[in-house]
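Taken from TrEMBL as is:
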type: DOMAIN; residues: 81-512; note: domain 'Major facilitator superfamily (MFS) profile'
type: TRANSMEM; residues: 18-40; note: transmembrane segment
type: TRANSMEM; residues: 166-187; note: transmembrane segment
type: TRANSMEM; residues: 199-216; note: transmembrane segment
type: TRANSMEM; residues: 223-245; note: transmembrane segment
type: TRANSMEM; residues: 251-270; note: transmembrane segment
type: TRANSMEM; residues: 342-363; note: transmembrane segment
type: TRANSMEM; residues: 375-396; note: transmembrane segment
type: TRANSMEM; residues: 403-422; note: transmembrane segment
type: TRANSMEM; residues: 428-451; note: transmembrane segment
Amino acid sequence: MELDEVLDKVGHFGKFQVINYTLIGITILLSSVYSLSYIFTAGDLEYRGTFKECEDLKTTSFNPEWLKNAVPFEDGPSRCLRYSFSNISFTNGNSCSAETFDKERQIGCHSWVYNGEESTIVNEWDITCDENQWKITLVGTVNNIGQFIGYPVAGYFSDRWGRKTALVACTVLAGLMGLARSLAWSYESFLVFEFLDPVVGSGIYTSGFTLSLELVNGKGRVLGGTLIPVFYAVGEVILGGVTWWLENWRYMLRIFYAPALLCISFHWLVPESVRWLITKGKKKEAKEIILKVAKTNKIDLSEEFLTKFEMTSLLEGKSSDSEKKSKTVKEVLCQVIHSKILLLRVLSCSFCWTTITFVFFGLSLTSVSVGENKYTSFILAALIELPAYVVVYLTMDRYGRKFTHSSSLILSGISCISFAFIPIDLDWLRMIAFLTGKFAITIAFTVVYVYTAELFPTELRQSLLGVCAMFGRIGFNNSSSNSTTREISRISATAAVWWNVYTRWYSVSTLT
């Protein structure tokens with residue numbers, strides 16, 4: 001008797017699965033906020049130099065009438081340069097005339113006035129001008145390095161001590177790191193917690209995704225694999241809305257990270273993966289969960305079924321193998337290296353993860369600079385993911401993983417390259433191309449998660465999924481490095497995507 005047969009008997013996707021998908025979905029929602037919050041905590045702002053001789057800094061506006069006399073203008077006032085005062089001063093404390101400044105001499109600014117009430121680390125610690133731009137870029141880089149380390153660690157932890165244990169531990173620890181970051185007293189302390197947060201929290205999504213897929217049988221994986229990313233997109237929308245409302249990075253972090261501490265209750269509310277328990281020889285715990293599923297879904301199990309269930313090799317003889325199943329990191333690596341099929345799959349999936357993550361997060365990060373309002377653009381880029389998940393649900397089983405995956409990559413590549421050549425004044429057309437690219441790459445990202453999870457055996461699944469996600473951080477780092485790279489990515493992403501299609505068609509062709 002296979003486990004899928006058991007799950008078919010006790011309920012394909014019933015009340016039990018709905019309840020637990022909702023609980024797991026809460027952690028997925030939080031993980032989307034945690035992985036993208038730095039877009040707003042380290043978001044750039046409009047600013048200009050101050051003129052103490054010309055304005056009252058407590059009541060001044062960002063763009064007073066006299067400012068055109070004081071600073072160079074190019075798509076707005078210069079952020080870091082101002083004109084030097086002339087020998088003759090015409091100031092009254094609230095205004096400066098044109099004769100006050102010598103427009104032949106430009107000097108640097110040393111203090112700034114910021115446009116609007118939004119608070120980020122930029123105006124918190126005056127991280128301004130080109131010479132300090134690396135500090136803003138470093139925030140994304142540090143976050144990415146933390147995820148690069150955290151993914152494989154969380155994967156190994158999950159395979160060894162359980163999906164549920166990893167999910168709860170990662171969520172609660174991430175909550176603590178986020179709250180600590182909201183109390184940061186300096187840029188350096190902020191950076192430390194920005195690194196530690198993804199180190200402990202990057203396993204939330206992979207652990208939750210794997211646990212959710214292992215709650216259902218093969219027929220339910222498409223629906224399950226589609227529902228989990230929906231929570232991720234909803235989290236992005238909520239992040240954009242709440243940040244828009246608060247406009248304060250400290251308050252935003254506290255609102256989103258405090259609920260993570262309550263997820264410690266999931267240790268008692270969410271069941272462990274039956275598949276994982278079986279590989280560890282824990283037949284008693286597995287049977288208890290199966291009975292709980294049947295009771296919740298109101299399924300009556302006959303004595304004959306229970307007898308057959310207990311006698312099957314599904315649960316018998318596993319205890320003696322539990323030591324063997326609890327593989328060390330060295331054993332996992334050895335098994336991959338000595339298996340040509342596994343090695344090929346790891347290499348192919350890792351490359352796919354790198355390129356897909358490069359495009360997906362590149363578009364997510366760039367969304368705040370596409371439209372006039374960064375919040376609405378970010379929310380639109382998140383909302384476009386929802387119809388993408390519907391397409392995944394309707395096509396992945398019908399047309400197969402590979403076809404759905406490759407087709408979406410081609411569409412994303414075409415959209416990205418088109419965006420680069422659309423004139424800037426055609427905002428509506430640029431937005432259509434941008435959202436189409438995000439729509440298509442979302443399909444690819446969703447499929448690759450399900451595809452990767454199905455390619456590896458249960459006892460190695462989370463570890464190898466973590467390895468692939470770790471390589472995805474390389475693409476993430478490239479997409480978040482700086483604004484120049486974001487422009488280049490719209491072209492280079494296309495080449496990466498088309499090569500990805502080639503490797504996907506000619507490498508892995510079967511599922512396990």
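The backbone N, Cα and C atoms fix where each Cβ goes, and this holds for glycine too.
Of the two recorded stretches, the transmembrane segment (342-363) does not lie close to the transmembrane segment (166-187), with fewer than three CB pairs under 8 Å once pairs fewer than 6 apart in sequence are set aside. Beyond the ends of the transmembrane segment (251-270), by six or more residues, the same chain brings 20, 23-24, 26-27, 30, 33-34, 37, 40-41, 164-165, 167-168, 171-172, 174-179, 181-182, 211, 239, 242-243 to within a C-beta distance below 8 angstroms of the stretch. The transmembrane segment (199-216) shares more Cβ pairs under 8 Å with 223-245 than with any other stretch in the list 223-245, 375-396, 403-422, 428-451.
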